[in-house]
Amino acid sequence: MEITNVSEYEAIAKQKLPKMVFDYYASGAEDQWTLQENRNAFSRILFRPRILIDVSKIDITTTVLGFKISMPIMLAPTAMQKMAHPEGEYATARAASAAGTIMTLSSWATSSVEEVASTGPGIRFFQLYVYKDRNVVAQLVRRAERAGFKAIALTVDTPRLGRREADIKNRFTLPPFLTLKNFEGLDLGKMDKADDSGLASYVAGQIDRTLSWKDVKWLQTITKLPILVKGVLTAEDTRIAVQSGAAGIIVSNHGARQLDYVPATISALEEVVKAAEGRVPVFLDGGVRRGTDVFKALALGASGIFIGRPVVFSLAAEGEAGVRNVLRMLREEFELTMALSGCTSLKDITRDHIVTDWDQPRTIPRALPRL
């Protein structure tokens with residue numbers, strides 16, 4: 001069967017993967033309301049396309065933290081990718097590099113920062129969980145820096161792991177032939193079997209629940225790398241993140257895997273963008289499956305978006321070629337959406353190109369014809 005859109009990879013991944021692994025990637029927290037909402041909220045944003053604009057040349061390149069990339073579509077950190085495919089993070093890194101975009105490597109990767117760096121050139125960020133043992137954290141950050149990673153994405157929404165009932169039912173644990181490679185030498189690379197979710201037990205034992213804003217400051221004392229705060233959903237936290245020296249903000253609800261009944265990230269985006277007041281870039285993570293979704297996020301003020309599940313599902317289905325295909329399809333759909341909306345560069349995409357279900361009745365902007 002020919003794949004014609006990103007979402008089709010999920011069904012193929014479901015066929016190919018063991019139930020425990022697929023459920024780990026696919027499921028959300030508790031009732032999974034936010035999991036559905038991350039997708040559904042996009043369908044409540046409609047376009048106001050502009051016509052009769054020369055769209056023969058379209059430029060979708062952009063710059064993120066000073067790094068030029070081919071498109072505003074990047075790869076979110078997704079854990080344990082070798083459960084999806086034997087090449088795991090290696091394949092993902094090569095696909096991202098070939099597409100000219102940024103890959104974010106998870107702390108809980110099944111390939112180390114050094115191994116991912118060895119795949120060749122590419123702009124890579126490192127996602128960080130803060131462990132109780134701060135020496136572990138400092139060591140990890142230094143290793144990422146030495147391996148040429150360009151930024152730290154600090155996950156701030158996981159003092160405890162969300163209640164993921166599929167993982168509890170499946171007694172989820174990392175398969176015995178795999179390790180969390182970044183922690184292998186620290187005796188933290190294995191995950192014990194548990195009476196519920198092995199990952200939940202691991203997090204309870206290792207991840208620091210005392211993590212606070214002062215730790216964002218502390219991180220800046222141990223690394224020169226810019227720090228993106230990942231997991232912000234409110235204006236209040238946006239303002240504190242900016243004051244705390246964050247280089248950027250990732251609006252994320254952890255793929256709806258932490259606190260259920262938080263809004264979809266696309267619904268929270270505008271509040272965060274307004275609070276940031278242009279002082280730092282704001283990125284969107286969660287629910288993106290179409291080029292139209294990318295356009296909607298940019299129209300609401302995002303500087304770019306991150307995709308997570310489409311990466312692991314396509315990786316499971318077709319390895320590196322699958323991830324490349326996801327990035328190609330999203331790129332082509334996004335470029336087409338721009339053309340059909342009358343935009344030739346990212347700066348042309350404005351709030352006036354969309355209407356949302358939370359908008360006040362519009363006063364239509366009076367546009368002078370561009371002749």
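Using the three backbone atoms N, Cα and C, a Cβ is placed for every residue, glycine included.
Keep in mind that TrEMBL annotations are predicted by a computer and have not been checked by a curator.
For 1-359, the entry in TrEMBL reads domain 'FMN hydroxy acid dehydrogenase'. The feature glyoxylate binding site is assigned by TrEMBL to Y24, Y129, R164, H254, R257. Annotated FMN binding site per TrEMBL: 77-79, S106, Q127, T155, K230, S252, 285-289, 308-309, in sequence order. Per TrEMBL, active site, proton acceptor is recorded for H254.
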Separation of alpha carbons, G287 (FMN binding site) and Y24 (glyoxylate binding site) (Å): 16
Recorded glyoxylate site residues Y24, Y129, R164, H254, R257, farthest C-alpha pair in Å: 19
R257 (glyoxylate binding site): tally of other CB atoms within 10 A of its CB: 24
Binding-site residues (K230, R289, R309), the one with most neighbouring Cβ atoms at 10 Å: K230
Segment confidence, the domain 'FMN hydroxy acid dehydrogenase' (1-359), expressed as mean pLDDT: 94
Number of Cβ atoms other than its own within 10 Å, given for R164 (glyoxylate binding site): 25
Neighbourhood of Q127 (FMN binding site) by C-beta distance under 8 A, where only residues 6 or more apart in the same chain count: P77, T104, L105, S106, S107, I152, A153, L154, T155, K230
Rounded to the nearest Å - Cα separation of R289 (FMN binding site) and R164 (glyoxylate binding site): 22
